[in-house]
Amino acid sequence: MRSLVAQEKFRNIGLIARSESEQALYSLRQLIHFLHGRDCTVILDKHIIGHLPEMGLQAASASQMGEACDLVIVVGGDGSLLGAARTLARYKVPVLGVNRGHLGFLTDILPSEIESRVGQVLDGEYSTEKRFLLDLEVRRGRTVVGEGSALNDIVLLSGDSVHMIDFELMIDGHFVYGQRSDGLIVSTPTGSTAYALSGGGPIMHPKLDAMVLVPLNPHTLTSRPLVVAGDSEIKIHITTEKVRPLVSCDGTEGIRLQVDDVIAIRKKPHRLHLIHPPGHDFYQACRSKLGWSSRPGDNN
């Protein structure tokens with residue numbers, strides 16, 4: 001993380017939120033009034049413009065925001081930010097999160113602090129982190145049958161079946177193992193506090209240039225999470241015949257697989273520019289979100 005104090009100040013701001021969340025829409029209205037008071041140009045996600053017709057704002061897709069805005073604010077949970085990140089990363093537009101969800105590792109501004117914390121960011125008081133994403137390609141013979149990207153993780157699952165999956169893992173062209181399990185999580189450091197953590201994987205600091213591979217209920221007790229270099233190329237060869245597994249990016253709708261399909265995973269060339277207000281601390285976030293104990297008398 002590097003500090004960007006009193007440098008770039010944002011004026012063209014895009015807003016993204018979940019339309020089905022009344023709490024998010026309430027915070028959006030508050031945010032719009034505040035931004036107009038700061039003489040900012042506001043562009044609203046086209047999927048929610050119909051829920052706020054009284055605001056009279058310009059509507060745009062996430063891609064259009066990436067081209068036109070110098071800051072995008074996502075109001076919602078980490079899932080909302082994950083969806084925005086997969087589109088916005090290629091445009092290098094900074095992204096700021098307001099938490100209207102659950103854990104909020106990525107959306108770290110509380111609703112009660114919207115005006116004060118967003119105000120600090122508009123004044124040029126913020127820090128930024130560059131988080132890498134993963135590219136997914138599914139190959140069937142010489143044909144690419146599916147693609148995707150993920151900020152958190154790419155997950156191989158058994159899908160609708162209760163049977164285990166058989167697959168072979170290759171890293172940078174080297175055979176690692178053949179495994180029978182319920183699946184495999186390939187996670188970035190960002191995703192290490194999400195599904196990978198539930199699967200027994202390690203917490204990885206966001207600065208790390210690494211990936212972690214976490215087996216899901218492997219049939220052998222010696223199959224443990226494996227941390228590899230961030231520029232590694234991961235290939236998973238599906239060898240199971242009884243099951244039609246799924247591979248999913250950040251929990252989105254999966255790609256159905258069949259025997260002899262090959263999943264190829266590598267780091268994307270573009271990174272997400274994630275903005276934090278002053279005082280952001282990864283370890284404090286872990287204490288708050290994961291219930292770690294604090295010093296006596298310390299509320300954080």
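Note: Cβ is positioned from N, Cα and C throughout, glycine not excepted.
Annotated active site, proton acceptor per Swiss-Prot: Asp78, in sequence order. In the three-state DSSP reading, Asp78 (active site, proton acceptor) counts as helix.
Cβ environment of Asn152 (NAD(+) binding site): Leu82, Ser187, Thr188, Thr190, Gly191, Ala194, Tyr195, Asp250, Gly251 lie under 8 Å away, each six or more residues apart in the same chain. Secondary structure from DSSP puts Asn152 (NAD(+) binding site) in coil. The annotation NAD(+) binding site is assigned in Swiss-Prot to Asp78, Gly79, Asn152, Asp153, His163, Arg180, Asp182, Thr193, Ala194, Tyr195, Ala196, Leu197, Ser198.
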Distance from Asp182 (NAD(+) binding site) back to Asp78 (active site, proton acceptor), taken between C-alpha atoms, in Å: 25
Winner by Cβ contact number (other Cβ atoms within 10 Å) across the recorded positions Asp78, Asp182: Asp78
Neighbourhood of Ala196 (NAD(+) binding site), C-beta criterion under 8 angstroms, separation at least six: Asp153, Ile185, Ser187, Val212, Val214, Pro225
Cβ atoms near Ser198 (NAD(+) binding site) (within 10 Å, other residues, all chains): 11
Fewest other C-beta atoms within 10 angstroms, as judged across His163, Ala194, which are the binding-site residues: His163
